[in-house]
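Engineer: If you scroll down you'll find the structure; I have some questions about it.
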Ligand code: HGY
Ligand code: MN
Ligand code: MN
């Protein structure tokens, strides 16, 4: 086939097929209001991984799992010595999550690979579809465990030892999931990657507001997460006097109020969230003996994030009163900017496909954060209806989902056909590197 007859892989992306797979995945862990509850390493997560492997087997993709539970499906390239190009996201969800957060990126990568196969192109480098373990961090905190361990940013053993609220460790839950994937071989942890591209819903209202289809993600805002433990003393609600009490709840509330006041900004850019607030023993006639609460703090300016995050511990300690308080920082991730090379590839692909697009900062976190230091990394956004997400009303049209997969197919085939992928690579003509059947 000569260069000008190269049929672009993106023309083989099938909107109905992608929508069908997303619907099938949405049935796994489906909630009554149309969302999903598919928390990390749950039986629903295992079922979703099984489904992905089965789809991969029917396409001849080679599955593998690494020691932290990241799942890979490989389209072999013609040059086995070349580092693979990775694309994917996560299958796990929030407890009342939406049908698109994460799983769209995994299935868009699957659809893009299926389209690349159908186009007859045979990429030089292998393409690995990946489902990262525990991106959301709702059952096991912090999130992004799989991508962080893959990238060497977190220690495998430390993460394996993390337990959920019932005391089940990642290690134990992972072993149970592995049981349902016994036919899937293990692979090296942190194998090389030539580049990583993640498609994801925007989880904000901007693209829809401006009538755009594609977001060329410029970077990810910084995020610091903490867990706070307040210890008081259980006492009788009727007999203990205020003077005697060590009321963990009142102390925790004072801390949260002080943090909210100190972190308040008139521009509404600071994102301060206490999403988890566990009171014990949580009995109406017992003065609370302890409170565990979470803090999720984000800002696009790393210096501001550093300064604001450094206030957390002193403020909690200053409002502990007669109670004890322990503040633990779980994750510290400064703002990052994706390389111009990947942003250029994504922007050019959207333009080639005549898709209205713009640069956009991600205010949500993604696994791409951990791939960014490892290899040239980029992200493609598609619109979220009204910006709704981390809720069951999350929605993106199948046309927009397919458009994102088309851009992804174009970018993946470009990356997989190059001699080398760098942060500052030049664009090479597609057919100069790819062999076509
Ligand atoms: O929290 C986040 O930003 C991601 O959606 N887990
Ligand atoms: Mn996500
Ligand atoms: Mn999410």
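Glycine residues also receive a Cβ, built from the backbone N, Cα and C atoms like all the rest.
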Engineer: Could you look at 101, 176, 354, 359 and say which one TrEMBL places alongside 136, 390 in the Zn(2+) 2 site?
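Structural biologist: Zn(2+) 2 site check in TrEMBL: besides 136, 390, the record includes 101 out of 101, 176, 354, 359.
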Engineer: Helix, strand or coil for residue 101 (Zn(2+) 1 binding site)? Use DSSP.
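Structural biologist: The three-state answer is coil.
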Engineer: In whole Å, how far does the CA atom of residue 101 (Zn(2+) 1 binding site) lie from that of residue 136 (Zn(2+) 2 binding site)?
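Structural biologist: Each residue's Cα considered, residue 101 (Zn(2+) 1 binding site) and residue 136 (Zn(2+) 2 binding site) end up 10 Å apart.
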Engineer: Could you put numbers on the helix, strand and coil content of the domain 'Peptidase M20 dimerisation' (219-320), residue by residue per DSSP?
Structural biologist: 30 helix, 33 strand, 39 coil
Engineer: Listed binding-site residues: 90, 136, 200. Which have a CB under 6 angstroms from an atom of ligand 3?
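Structural biologist: Listed by sequence, the hits are 136.
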